[in-house]
Amino acid sequence: MAALKEDRSYGLSCGRVSDGSKVSVFHVKLTDSALRAFESYRARQDSVSLRPSIRFQGSQGHISIPQPDCPAEARTFSFYLSNIGRDNPQGSFDCIQQYVSSHGEVHLDCLGSIQDKITVCATDDSYQKARQSMAQAEEETRSRSAIVIKAGGRYLGKKVQFRKPAPGATDAVPSRKRATPINLASAIRKSGASAVSGGSGVSQRPFRDRVLHLLALRPYRKAELLLRLQKDGLTQADKDALDGLLQQVANMSAKDGTCTLQDCMYKDVQKDWPGYSEGDQQLLKRVLVRKLCQPQSTGSLLGDPAASSPPGERGRSASPPQKRLQPPDFIDPLANKKPRISHFTQRAQPAVNGKLGVPNGREALLPTPGPPASTDTLSSSTHLPPRLEPPRAHDPLADVSNDLGHSGRDCEHGEAAAPAPTVRLGLPLLTDCAQPSRPHGSPSRSKPKKKSKKHKDKERAAEDKPRAQLPDCAPATHATPGAPADTPGLNGTCSVSSVPTSTSETPDYLLKYAAISSSEQRQSYKNDFNAEYSEYRDLHARIERITRRFTQLDAQLRQLSQGSEEYETTRGQILQEYRKIKKTNTNYSQEKHRCEYLHSKLAHIKRLIAEYDQRQLQAWP
C-alpha cells in the first residue's frame, strides 16, 4: 500500500468488515520464490486466464499461482497454519487497510484482529538457490586466499631438526644415526592419511549405529543427516537404505521434516562412540539422564509420536545452525530460563496493565509458589519432551522457570522461589469490587501495630496522590467526588487491598504432590501437568483479551492532566467498558480465580520435577 505522509491526519474506522462477514485476515509469511511468483503474476495478470487460489486442509494447505510464461500451468506452494492468539496471547495484532474514498480522501480501516498466521514452506528451488549462493561465495573466498604453512601448524607432520656436521671434523661415533630431512609433501600426505584413518573408525561401523548415534545428539532433517554422514563416508547402498532405517529408529515430523530418535533406541547408544567429541559426550550424558529416568513402558509421549522435538533444542554444539531451520512452535514450561529472583514483600505491588511489576523491568504474572520457607532454590530442569511444551514468548508459566539455553550448564544454576504467600493475578475482578472501603475512624478487628512517625508520613503522602495513579476497584475516602460505587481501576485491576497476601488453608496440590522419589511418580506428575495445561492457556488467553482494552485506556489516561475534559472523557470510557464487560462476562471472576489456581499448581509440579531431575543428574556417574 502507499506510504502515509507526514504532518497529515488520517481517520481510522472500524466495522467495515462485520463479524458476520466472510472476510478473514491472516498474517502471511512468504518465501522468496513465492513472492517472486506473486509479483510476476500481478505484473501480467491481464494476460493470464487463470486466477490464484488458496485451499485449506486442516492446519495445512496450498496456494496456486498462475505462471504468465505458461498460462495453462500454475505454481503450487504448500503452507501450514498456526494460531497466534493461542500460541502467544500477546503476539496478535490488528489488520489496517488503506483505501481512497469516492471523494478522493485517504482512509484507514481496521479489518479486525489477526489471530492466525500462514507460513509458506520452502521449495526445492529455494534450497538450490541457497546452495548455489554458498558455492559461489566459497569459490570467491578460495580464489582470494592462500594457504600459509606455519611451523607447528596442522600441515607439518613433525618437527625436523637439521644438523650440519662441523667442517673438516670426522665423526667420532660412526654408528650414530643422523636426522635426515623429511619431505614436506610426504609429511602432509601422512598427516592427511592419519586423519582419514581416524574417521575410518566410524565409517567401518554398521550404518544403523552411525545414524543412531547422530540422532541421539539432536534432531536432523534428512538432507542434513546425509551431509553429516558423507563426512565419514557414505556409500550409495547406505544412502538408498536411509529412508527405511529412519522409519525404524526415528520419529518423523510432518511439519518440518525433522527426524528424532525414538526413546526406546537410547538404550543402544554407546557413550564411548569413536565419532563423539568431548562436548558430544557431555551432551549425550545429559540427554540420557532425561531419557533413561523415564519408565520404558510409557513409550512415546501423550501427543503425536511424530511431533518430535524441534531442531536446535538439544546439541547445538554438535553442528552449526542451518539457515532454513524453522523456529520451534512451543517452549518447554519446565525448561530453564535466565536466573531470576522474585522480591515480594507482604504488601503486594500494584498491578499495572493486568500484571505484577518486577524489579528488573520484565513482566511476570505470578511469582513461583514455594513451600513455607524464606527462599527455595529450584534446580534447573533439562528439557522435557514436546508434549510438555506450551506456546512460546511471554508465557506466564515460562516466566517462573529458568532457561540457561544449551550451554552445557543446565544444572549449575537455580531460581529462588517466592515466599509462601501467593499473590493473585492483577486482572479485572468483576465481582466483589464495589465494596466501600472502611473509613479512617472505624475500628479494626485487630489492634494494629504502632507505626513510627516516618512510616506514617510515607503512608499519608501515598494517600494524597491522585486516585488516577492507584489501580483500585473500590472507591475509597480520597476517591474523586461523585464517582459511582462500581468505579473500576483505571487499568482494569482490583485494589491491592482486595488481593489476599496469605492463606489460612493449605492448597490441595501441596498435599497431593510431594517430593518425587521414582521415575513412575515423575511420569504421573508430568501427565497431570499435561492434562491441565491446555485449560490454563485458554483461561489466560481469555483474561488477556478482556484486560487489553483497559490497558490501552490506562495508557491514554496517564498522559492526560487530571481534571481536564479529555481526562474525564477517558475516565467515562473506562466506566463504560467496565460495565460492558461485567454484563457480557458473568463468569469472569470464577475464570480468573481458576487461572490463578492452575498457575500455582503447575508451577509447583514444575519445581518438583526440576528437583528430581537435578538429583538424578548429580547421581549420574
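Here the Cβ of each residue, glycine as well, is placed from N, Cα and C on the backbone.
In Swiss-Prot, the feature phosphothreonine is assigned, of Thr180, Thr487, Thr506, to Thr180; the remaining candidates carry no such note in the record.
Considering Ser309, Ser319, the record held by Swiss-Prot lists Ser309, annotated as phosphoserine. For the residues Ser64, Ser407, Ser561, the entry in Swiss-Prot flags phosphoserine at a single position: Ser561. Its Cβ placed at the centre, Ser561 (phosphoserine) has 7 other Cβ atoms within 10 Å.
The average per-residue pLDDT of the prediction over the motif 'Nuclear localization signal' (445-459) is 46, rounded to a whole number.
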